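Everything on this sheet refers to the single structure shown next.
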Amino acid sequence: MRTLVVNPGSSSLKLSIVDGGLQVAARTVENWDGSPDPRPLQDVLAVSGPVDAVGVRIVHGADRDGPHLLDDDQLRALEELVPLAPLHQPRSLALARMTADLLPGVPVFGCFDTSFHTGMPAHATTYPVPREWTERFGLRRYGFHGLSCAYALRTAAGMLGRATEELNLICCHIGAGVSVTAISGGRGVDTSMGFTPLDGVAMATRSGGLDPGLLLHVLRVGGLSTAEVESALNYRSGLAGMSGTSGDVRQVLAARAAGDEHADLAIRVYLHRLRREIAAERVSLDRLDALVLTGGVAEHEPALVAELLDGLTHLGLAVAPDAGLGVGDRVISPDGARTRVLVVEAREDVEIAHEIDKARFAV
Ligand SMILES: Nc1ncnc2c1ncn2[C@@H]1O[C@H](COP(=O)(O)OP(=O)(O)O)[C@@H](O)[C@H]1O
Ligand SMILES: CC(=O)OP(=O)(O)O
Ligand SMILES: [Mg+2]
C-alpha cells in the first residue's frame, strides 16, 4: 500500500511517500512559515504517482488511540484542540483539508502525537491543582512526539534484538520541538511535554516549563496580553530567545564558536534542562536498557550529543570516543556498556504509514 504522509512540524513541512515500509519519494520544506501551499504536495505526488491513503501527523489528538479517518466531524472536533497546540494544529488541519481536495476518493487519516501516551498512569497525568479545575478545564498531561517515540521504540528493539514490550527506554526527541519520554511495556509512562507541547525542556523557540509564579509576575507587572505572552513563549523563547541568534542549533553553535557569550549560555541552559529531564524520567523506570536520541539535532550534531552525555555519567550513560563518525541508526555507547545509547533517525512518516497499514488490515 502506498501512503502519502504529511508531517507539519514547528520548523518544517515533511512530505513522504511510503510503500511497504520504505520511502519512495520525499520533499521537505525547511524553515516553513506554515502557509498551506499545495505545490510541494503536487510535486511529491508527481514523482510517486497515485497513492492509496494519506496520513497526516496531528500533534494533538486528546485521548484518540491510533489513526482516525478525518471526515468533517473529526476535523471539527480536532479544531477545538487548536488553542492547546497553536503552532501545529491549525497547520495539520489545513493540510488535511487540502489533501482531501487534491485527492478525491483517497482516505485521509489523522495519526496523533498523543496516542502513544494514552496509557500513562494517573500519577503522571494529573496536575497538582484544585480538582475542580482538573474537571472543569479537562486538565491532564497528554504528551507529544508519540509517533517519533513509537518508531524509535520499534527501531531500538530491532537493534537490540529485544521485544518492544520488554524494553525500558528513555526517548529524547531533539528537533525544533524537544521532549523526553520514559517508555515501558511498549508505551509512554511519563513524558516532559504536558497539557500542551509548550511544557518540558527548552526548545528551538519554545520556553519549555517555567515557574508559574514567573508568568504571573510578567502578566501582573508587564501589562502584557495573553496573546503577547503566548507568542513570546512559543516563538521568541528557547534557544532563539536566550541567544538572540536563532532557534536553529546550527546557528547558535556557530555563534558560540565565534565567542558569543549569550549563545554559550543558551546552549548550557538547553543541555542542563535536557539532562535534568532525562534524570527525572529515569524515576519512572525500574531499569534503564537504553537512552534513544532522535530528531534533527540528535542525528546531525554528534559533538553536542557528546557534550549532553558528558553530564550523565552518574546514570551509567556514556559515548564511545569514536562515536561521532557514525551515520544512520547507530549505537554510540562504548562496547559492553550496560545501558546503551542509540541514535535513531526520526521517521514519523514510516510510523504513520505503518499505523495506517495496521488499521486498514484490521478493518
Ligand atoms: N545538518 C542538519 N540538517 C538538518 N537539521 C539540523 C542539522 N543539524 C542540526 N539540525 C537541527 O535540527 C533541527 C530540525 O530538527 P527536526 O527534527 O527536523 O525538526 P522538526 O521536525 O521539529 O521541524 C533544526 O532546527 C536544526 O537546529
Ligand atoms: C510536538 C512538537 O513539538 O513537534 P515538532 O518538534 O515537530 O515541532
Ligand atoms: Mg518533527
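Backbone N, Cα and C define each Cβ position, glycine as well.
Feature annotations, reproduced from TrEMBL:
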ACT_SITE  Asp113  active site, proton donor/acceptor
BINDING   Arg57  substrate binding site
BINDING   His173, Ile174, Gly175, Ala176, Gly177, Asp248, Val249, Arg250  ATP binding site
BINDING   Glu348  Mg(2+) binding site
SITE      His145  site 'Transition state stabilizer'
SITE      Arg206  site 'Transition state stabilizer'
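Around Val249 (ATP binding site), the same-chain residues at least 6 positions away in sequence with a Cβ under 8 Å from its Cβ are Ala204, Leu239, Val297, Glu301, Leu304. In this entry, ATP is bound by His173, Ile174, Gly175, Ala176, Gly177, Asp248, Val249, Arg250, whose most widely separated C-alpha atoms sit 17 angstrom apart. Between the candidate binding-site residues, Arg57, His173, Arg250, the densest Cβ environment within 10 Å is the one around His173. Under the three-state DSSP scheme, the residue listed as 'active site, proton donor/acceptor' falls in the coil class. Comparing CA positions across the recorded positions Arg57, Asp113, Arg206, the one lying closest to Ile174 (ATP binding site) turns out to be Arg206. Minimal Cβ crowding within 10 Å, among the recorded sites His145, Arg206, is found at Arg206. Cα proximity to Ala176 (ATP binding site) (within 10 Å) is found for the following recorded positions from Arg57, Asp113, His145, Arg206, Glu348: Arg206. Neighbour density around each Cβ, counted as other Cβ atoms within 10 Å, peaks among the binding-site residues Ile174, Ala176 at Ile174. Among the recorded positions Ile174, Gly177, Arg206, Asp248, Arg250, residues whose Cβ is positioned under 6 Å from ligand 2 are identified as Gly177. Local packing around the Cβ, expressed as the count of other Cβ atoms within 10 angstroms, is greatest for Gly177 among the binding-site residues Gly175, Gly177. Of all the recorded positions listed (Asp113, Asp248, Glu348), Asp113 sits in the most crowded Cβ setting, with the most other Cβ atoms within 10 Å. With a cut-off of 6 Å between Cβ and the nearest atom of ligand 3, the recorded positions Arg57, Asp113, Gly175, Asp248, Val249, Arg250 reduce to Gly175. Checking each of the binding-site residues (His173, Arg250, Glu348) against His145 (site 'Transition state stabilizer'), the C-alpha distance stays within 10 Å for His173, Glu348.
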